[in-house]
Amino acid sequence: MVARVAGVFDEKLTEAIANSKVLVVGAGGIGCEILKNLVLTGFPNIEIIDLDTIDVSNLNRQFLFHKEHVGKSKAQVAKDSALSFNPNVNIVAHHDSVISNDYGVSYFKQFNIVMNALDNRVARNHVNRMCLAADVPLVETGTAGYAGQVELIKRGLTQCYECLPKAPQKSFPGCTIRNTPSEPIHCIVWAKHLFNQLFGEEDPDQNVSPDTADPEAAGDAGASALNAKESETGNVERKSTRMWAADTNYDPEKLFSKLFGDDIRYLLSMENLWKKRRPPTPLVWDNLPGKDDSPAKHSGLPDQRVWSVSECAKIFATSCKALEADLKSRADGDHLVWDKDEKSAMDFVTACANVRAHIFNIPLKSRFEIKSMAGNIIPAIATANAIVAGLAVLRAQNILKGNIEVCTSVYLRPKVNHRGQLFVPEKTLTTPNPKCFVCAPKAEVALACNLKQLTLKDLNTALKEGLNMQAPDAAVEGKGLVVLSSEPGETDHNNHKTLEQIGLNDGCALLVDDFLQNFEVRVRLQQEDDEKSWRLVTDMDAPMPEPKEDKPTNGANGSEPKPGPSRPKDDSDSDMEIIEEDEGVETTKPPKRRRIEMSDEVVELC
């Protein structure tokens, strides 16, 4: 391959590539491109990890996958396809979660470079900590529409993935959108996709039907995506949602019954999804909650009142007919474009999002809130994925050559800037945040809470959600008293006791560690009588944002909502943008250019 062609690489780089071993985490849009680039560059030893299976909607941009691969492991198929480019490469594929106990610090230490192509924050946090503990360079990648970035994370030299606080998660796997929503934004994205399926430009990535290729569903469910008869050309023929709706003359009752009744009952038949989740509740058009109730009194603006389910159904019917009339008034083949300022379009999305939220036991939102969240969803662009993957492999080459100082963060801009640049690099490496609770030499964070109300079980939740730990253990500093153990049964008897009842007081310091992540942090308890839940702070004045904006009500164990992080007073849903999963929000002095966190794909379809 390229590395073996005389004159392409210098002797030092050629030897470094030949002796290297690389781990690629994620086999989606960027992961496929990275794997292809590594293979064609001549990297001889590669391992790739991905938990997902291939869905039909992946095929238009994840080029290593084809129709016959639907329902199969992304990692395994990516390996097989990449070997067709260079059969001499040794590729090991893992159809597994990188968070699994099988991939600890010792596993990461065997690699020269780790390359992240992930689409969720939990896994990114975990890989970040593993690479810091193993002292292995991590190349982090992400895209959002036509924008993207590549950055190096190296212990002691650069800031880590968690050095700067991040806004709440803004992008989600497609199987979450279609099968297991747990937050209002999941329902809003689904409702926008439904609008396009019925009235807008149809996109296979925006399928709203239950996802049979969900890796959590029945083992052979993914293959059902291909169980339709094929035409003479080999294409699977299916009736589109648009065609079906048109055949019913966009009858609101028939549409409602299919989307919020039949499809939900089909999801319930995928029993594996509901073993640890509260199952959804199908609705019947003639028997909706609040049908006979009068509208709730509301003193604010009309758009700030939350509609009842029955009101949503009525508005759904009205908006469907209005949108149908608008569509029929246009030329054949034309379509509507969703606009948050167009009344019928916004009413449709609000009604559908709230009905779906009710079905999945998720808090309903006002039209005003949904409008603010629905206006900024960015699509995935295959070209941006390819560009970012190419930049990532170039960075990997410099790392192997020992030229770490030139591996500054690079930003791909949607259009050239005033200097005529499409690729904008930082001038220097971005140094670590000295207050980072992950990579600082003496990691410390304060937990603001009401010790008289917060239970030990709530503390465990705070450590897992606030500090992104997997299996936290906590002991009182100076006393060695273990108050929280990750070993089942050791401290469970105290779960419902408050922190005050187990002897913890204001200013008390806990030494908290997670053996799975080789991560340790000092947590100082800070009494606040007015704090209803908990809040993390790095100092007295700088609150640390939590990884989740709203605690979902349909928890993984199907129980009632647990206390979650309280939100800063100035936080608002109207600030939301769908840019990754994580768009950085800086509270410390930023580097010269604003760091932008982006995902592999804004709605990564499983």
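Including glycine, each Cβ sits where the backbone N, Cα and C put it.
Annotations in TrEMBL come from automatic prediction, not curation.
So that you can see what the record holds, here are the features copied from TrEMBL:
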| type | residues | note |
| --- | --- | --- |
| DOMAIN | 8-413 | domain 'THIF-type NAD/FAD binding fold' |
| BINDING | 26-31, Asp50, 58-61, Lys74, 119-124 | ATP binding site |
| BINDING | Cys160, Cys163, Cys436, Cys439 | Zn(2+) binding site |
| ACT_SITE | Cys175 | active site, glycyl thioester intermediate |
| REGION | 201-239 | region 'Disordered' |
| COMPBIAS | 215-228 | compositional bias 'Low complexity' |
| COMPBIAS | 229-239 | compositional bias 'Basic and acidic residues' |
| REGION | 534-606 | region 'Disordered' |
| COMPBIAS | 572-585 | compositional bias 'Acidic residues' |
Ask   = In the same chain, outside Cys160, Cys163, Cys436, Cys439, whose C-beta lies within 8 angstroms of the Cβ mean position for the Zn(2+) site?
value = Leu132, Gln159, Tyr161, Glu162, Pro432, Asn433, Val438, Ala440
Key: Around the Cβ of Cys436 (Zn(2+) binding site), the count of other Cβ atoms that are within 10 Å   = 20
Request  = Return the member of Asn60, Asp119, Cys163, Cys436 nearest to the residue listed as 'active site, glycyl thioester intermediate' in space, with distance defined Cα to Cα and candidates limited to these binding-site residues.
outcome  = Asp119
Key: Other C-beta atoms that fall within 10 angstroms of the C-beta of Asn60 (ATP binding site)   = 13
Message = What's the number of neighbouring CB atoms sitting within 10 A of the CB on Gly29 (ATP binding site)?
response = 28
Note = The binding-site residues listed are Gly26, Gly29, Val122; by CA-CA distance, the one closest to Cys160 (Zn(2+) binding site) is Val122
Ask   = Say you check the Cα of Cys436 (Zn(2+) binding site) against those of the binding-site residues Gly26, Gly29, Asp50, Asp119, Val122; which is nearest?
value = Val122
Key: Spatial neighbours, same chain, of Asp50 (ATP binding site) - Cβ under 8 Å, 6+ residues apart   = Val25, Gly26, Ala27, Gly28, Gly31, Ser73, Lys74, Ala75, Ala78, His94, His95
Key: Spatial neighbours, same chain, of Cys439 (Zn(2+) binding site) - Cβ under 8 Å, 6+ residues apart   = Leu132, Arg155, Gln159, Cys160, Glu162, Cys163, Pro432, Asn433
